[in-house]
Amino acid sequence: MKNLLGSSINDLENVALDYGQAAFRGRQIYNWIYNYRNKNKNIDQIEVLPLDFREKLKVDGFKVSELVIKERNLANDGTLKLLLSTEDNESIECVGIPTEKRLTACLSSQVGCPMDCKFCATGKEGLKRSLKASEILDQILFIEYEMNRKVTNIVFMGMGEPLLNIDELLLSIRSINNDFQISQRKITVSTVAIPKMISKLSAKSFQILSNCQFTLAISLHASNQKTRETIIPSAKNYEIKNIIEDCKTFVRETGRRVSFEYLMLSGVNDKLEHACELSNLLKGFQCHVNLIQYNQIDEVEFQRTSLKNLQLFQSRLVNNGIAVSLRKSRGLDKNAACGQLRQNAKSK
């Protein structure tokens, strides 16, 4: 352990003891990291620690932050997109989405993404690597400092496929819950759905977190297998009917309903027949549908569905007994909305 971010009180007490310090020095480090949320995440800034202890930690390579801000982009609606650089000079983006009572942090779990969904900017440049838990957590601290308020909600809907980084994902969730004091019920993990990984997520959550109270969101985006394969190449490996069965098992094991994300693409998946197919697919188990308007990116020719089609689609789902919401896009003027995050500054 060299990065202190993500460490528990016990971890930090042990660090202090290893250096011949009293255990309370570890608690001081813990308070400095999580309770004060300092921007200067530098060992030198922990002035409550003896100077010689700080120097030894620095010499031995301990640190609190690995990321550096490269760009800040503030949208007209108050949404903030940050372009961050890692120690190995890769780039990731994260987004702070404010409302009057909440600040939602949209976090990246990987540098890039291997899934290559046809409507999403992130996958156009492929996957570089997965993020460490400390790099995931650091995004929260930067959002909080830049927006001068505490994050209340977390969505893993930034760059990357979270279930392909499942161990670091769950370690970060454990720290978000235990150390950042954000309830699991205010955390959403979004996945395009990877074979066998939904059941693995449930099992590993009980191992690492002792329970599973976060929300699982499936990026479904289609009501039938043929359509899904045209917009999500990886869908060829995981049929919709199997995704639904695995989600039903997840609900039984965790007691948590599943959300299904459905991006409305004009002429592709927005007809009433698609709404009927989706209703039949989801009928009979605990779930919720989020309808999302498409956010334009340069490389593809998909178009937003009309507001009329969106409303008709929603009404048909409601009439068929499906719980549904319309998700409002935020940060559009700064390419900070769903599907628009990238690895570099081209997205400005």
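Sequential numbering from 1, following the chain as shown.
Just so you know, glycine gets a Cβ as well, placed from its N, Cα and C.
Swiss-Prot lists Glu93 with the feature active site, proton acceptor, giving sequence analysis as the kind of evidence. DSSP gives Glu93 (active site, proton acceptor) a strand state.
According to Swiss-Prot, the feature active site, S-methylcysteine intermediate maps to Cys338, an assignment based on sequence analysis.
Taken residue by residue with DSSP, Cys117 ([4Fe-4S] cluster binding site) is part of neither helix nor strand, so it is coil. Marked as [4Fe-4S] cluster binding site by Swiss-Prot: Cys113, Cys117, Cys120.
All chains included, 29 other C-beta atoms sit within 10 angstroms of the C-beta of Gly160 (S-adenosyl-L-methionine binding site). Taken from Swiss-Prot, the feature S-adenosyl-L-methionine binding site applies to Gly160, Glu161, Ser190, Ser219, Leu220, His221, Asn295.
Under 8 Å, Cβ to Cβ, and six or more positions away along its own chain, Cys106 (disulfide bond) finds Cys94, Val95, Gly96, Ile97, Val155, Met157, Gly158. If you look up Swiss-Prot, you'll see Cys106-Cys338 marked as disulfide bond.
Annotation source Swiss-Prot lists domain 'Radical SAM core' at 99-333, citing sequence analysis.
Between the CA atoms of Leu220 (S-adenosyl-L-methionine binding site) and Cys117 ([4Fe-4S] cluster binding site) there is a gap of 11 Å.
Closest to Glu161 (S-adenosyl-L-methionine binding site) in space, going by CA atoms and restricting to the recorded positions Glu93, Cys113, Cys117, Cys120, is Cys113.
Of all the binding-site residues listed here (Cys117, Cys120, Ser190, Ser219, His221), Cys120 has the Cα closest to the Cα of Glu93 (active site, proton acceptor). Across the structure, Cys113 ([4Fe-4S] cluster binding site) and Gly160 (S-adenosyl-L-methionine binding site) place their CA atoms 4 angstrom apart.
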